[in-house]
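Copied over from TrEMBL:
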BINDING   C81, C86, H163, H168  Zn(2+) binding site
COMPBIAS  1-12  compositional bias 'Polar residues'
REGION    1-21  region 'Disordered'
Amino acid sequence: MSTVFSNGSRSSKTFKPKKNIPEGSHQYELLKHAEATLGSGNLRMAVMLPEGEDLNEWVAVNTVDFFNQINMLYGTITDFCTEESCPVMSAGPKYEYHWADGTNIKKPIKCSAPKYIDYLMTWVQDQLDDETLFPSKIGVPFPKNFMSVAKTILKRLFRVYAHIYHQHFDPVIQLQEEAHLNTSFKHFIFFVQEFNLIDRRELAPLQELIEKLTSKDR
C-alpha cells in the first residue's frame, strides 16, 4: 500500500493508480466542463447535466472523478487505517460492511477496513477499465446495465467516505485535509442526489453530516 508522505510533505502518490480520461476525448471535455463549473463554487449547478449531453456519459465522467478523489483522500490516511486499528470495515458502531463482488467472492466476507477498501478500489478500477462498461471512444454505446453498475460503484465509494469520517476524522484534521474531504464529499452527495443514484438507506451512516452540508444550499 502506498503512503503519501515523503519528508513530511504530501507526495503525488495515491492508494491505487489514478484513472486518467484520455485527453482530446469528449469525456475529457466534459471533465474540463465539470472542473470549470465547480470553480464557480455553486455545487448544485456544477452537478447538473450539461445541456445536450448524454446522462450515461456524464455519470461515467463523474464516477471516474470521484474514484480519483477518494483514492487520493484515502491515500492520505493509509498510515492510520491498519489491520490493528480497523479490524472490521465499519462506519461507526452501528454499521459494518462485509465484502463480496459477486464473481471472485460470492459470499460476503468479514475483513479489516484496509483489506475491504483494497478489494473495493481494485473492483472499481476493474469496472472503470472495462471498455464494454465504460467506453472511452466516441460512438461506442454504453451497455444497458451501465446505470446499475454505476450505482453499485457509487454506493461502495460512499462507504470509504463513511469509514474516513467515522474512524479517521482526527488524522484528517491533523493533516489539514478537512476542507478537502468536506468539499469532495459535498460534491459527491449533490451528484448522487441530483440523479438519485444511492438509496437513502445506504446513506444513513452519514445522514446528519449530509443534512448539515446540504442545508445551506437548498
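Backbone N, Cα and C atoms are what each Cβ position is placed from, and that goes for glycine too.
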Legend entry - Per-residue Cβ crowding (10 Å cut-off), top of binding-site residues H163, H168: H163
Legend entry - For the binding-site residues C81, C86, the one whose C-beta sees the most other C-beta atoms within 10 angstroms: C81
Legend entry - C81, C86, H163, H168 excluded, remaining Cβ within 8 Å of their centroid (Zn(2+)): I77, F80, S85, A113, P114, I117, I164, Q167
